[in-house]
C-alpha cells in the first residue's frame, strides 16, 4: 500500500472530505459499539447452552468492553505513528477473526478469549482513532459532526438487535456469530476512508519535518548535512523527539482533565450493566424475546436522536460555552433512569425507560469527545481520547460481573440497578462541584487583580501628587514608581 500524502492545513476544514470521515466513523461505531451491545442478546443463549450462572456469563460482555477500552491507547499509538487507515483495517481483521472463532466455541473460557479479548482488541484499534479523526477535520461544526458520527451506535443497535434475534432463531447462536464476523469485516472499508490530515498545531517539532513536501530541497540538504556532521545537531534532534513525545501526553498535568478522568470511572461503571441486563431483566418480568429485543432497538433509535439533537444544539452560539454543563446533565439523567428501572415491570412501562435512557445516553456519548477536546485541545485529542476510553476498561470489566453477583445473591435486579444509578449521579455531581470550585477560584483571582490594580493606581497618583507639589525630586519619583510596579507584580 502506497503511503498516503498528508495535507498541511492551518485549521480544520469543517467540511469537504471531512463529511466522508464522518461517514466512516459512523460505520465504525455501527460495527464496534452496536455489535458489542448486541452481545447482550446472546446472554440467555450462552447461559442456557453452557448451563452457567449470571456472573460467569456476564464476563463475556465485560471482557469485550474492557479490551476495547483498555487497548484504546494502543489504537491511538498506531494511528499517531503509522496511520489511522492501518490501525482500523488491522482492527477489522482481528475483530472479524474473533467473532468467527467464537462461533466454534465449546466453553465459556473459549468465548472469554475469542469474543472477549480478540474481538475487543480489534474494536479498540478502530474506535478511538476514528473518533479522533472527526475532531481533526471539524472545529466550528465539531459537536454536530460528532453527533452524526456517534449516532451509528444507536442506528446499529436499532437495526442489529432484531436482526441478531432473528439470526439466532434461524441459524442458532453459532450461525449468528459467524454472520456477524463477516459483517464486521466492513471495518476495513471504513479504514480506507480515513484520509490523513496534518494541522499546523500538530506539526510543531515533528520528527517527520524533512519528509514533508512544503520543505524546500535546499533546506532538506542543509539539514541533512548538519545532522551528518554535527553531534550537537543529533543531540538536539533526539531532544526534540523526546519533547514531542512528552507534549503528546502533557494533558496529564491539567486539573480539568484529571477531574474528568475520575468522573469517567464512575460513569462507565454505571452505564455498562444496563446494556448487559436490560434484555434478561425484561425476560424475567414476563416480556417476550421479541419484545425484549425491541426494547434494545428503541434504546438504539432514540440514542440517535440524542446524538444529533445534542450535537446540533451545543454547536449553537448560545449553548456552545455550556457543553460541559450539558454533558454532566445528561450523565445525571441517565443515573436517575437507572434508579427508577426496578419499579418498571411490564413492557408498556419499560418502553418510556428505553426512550429516556437512550436519549441521554446518546447525548453524553456525543459530548464526551467534544468536552475532551475543549479540555486538552485538538493537538492532543487522539492521545487524550485513548486515555479516556482506557479509563472505561476497569469499570466495564468489573461492573457486569458485580451486578450479576448481586442478582445471584439477592435473586433480584434492584440492587444492581440502584448501584449503577448512584454511580452515574456521583460522576455528574463530581463534575458539577469541580466546575463550581473553578468558578469561585476565578472570581477570587479577578477580585485580587482588581484590588492590586487599585493599589497600584493609588501609588501612582500619590507619586504624581508629591511630584507636582515639589516635595520629591525626579529621582525619588522613579524609586516610588519602581516600588509600585514591584508591589503590583507581587
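Cβ coordinates come from backbone N, Cα and C, glycine included.
As the structure is a computational prediction, the values presented were derived from the model and not from experiment.
The feature domain 'Major facilitator superfamily (MFS) profile' is assigned by TrEMBL to 17-439. Residues or ranges marked as transmembrane segment by TrEMBL: 16-35, 86-105, 111-132, 144-168, 174-194, 257-280, 292-313, 325-344, 350-372, 384-407, 413-437.
In this chain, the transmembrane segment (144-168) lies in contact with the transmembrane segment (292-313); the count of Cβ pairs under 8 Å, excluding pairs fewer than 6 apart in sequence, is at least 3. In this chain, the transmembrane segment (16-35) lies out of contact with the transmembrane segment (257-280); the count of Cβ pairs under 8 Å, excluding pairs fewer than 6 apart in sequence, is fewer than 3. The transmembrane segment (111-132) makes no contact with the transmembrane segment (325-344): fewer than 3 of their CB pairs lie within 8 A, with pairs spaced 6 or more apart in sequence.
Contact between the transmembrane segment (174-194) and the transmembrane segment (16-35) holds: at least three of their C-beta pairs are under 8 Å, each pair 6 or more apart in sequence. Here the transmembrane segment (16-35) has long-range neighbours at 68, 88, 92, 95, 99, 123, 126-127, 130-131, 133-134, 137-138, 145, 148-157, 159-160, 180, 183-184, 186-187, 189-191, 193-195, 300, meaning same-chain residues at least 6 beyond its ends whose C-beta is under 8 angstroms from one of its own. A Cβ distance under 8 Å defines the sequence-distant neighbours of the transmembrane segment (144-168), meaning residues of its chain 6+ beyond its ends; these are 18, 22, 25-31, 33-35, 37-38, 41-42, 45, 130-131, 134-135, 137-138, 175-176, 179-180, 289-290, 293-294, 296-312, 315, 358, 362, 365-367, 369-370. Taking Cβ pairs closer than 8 Å, the transmembrane segment (325-344) reaches residues 263, 267, 270-271, 274, 281, 306, 310, 313-314, 319, 350, 353, 356-357, 360-361, 363-364, 367-368, 370-371, 412-414, 417-418, 420-429, 431-432, 435 in its own chain, all 6 or more past its ends. With a cut-off of 8 Å between Cβ atoms, the residues of this chain six or more beyond the transmembrane segment (86-105) that come close are 28, 31-32, 35, 75, 78-79, 111, 114-115, 117-126, 129-130, 174-175, 177-178, 180-182, 184-188, 190-192, 194. Model confidence over the domain 'Major facilitator superfamily (MFS) profile' (17-439) is summarised by a mean pLDDT of 79.
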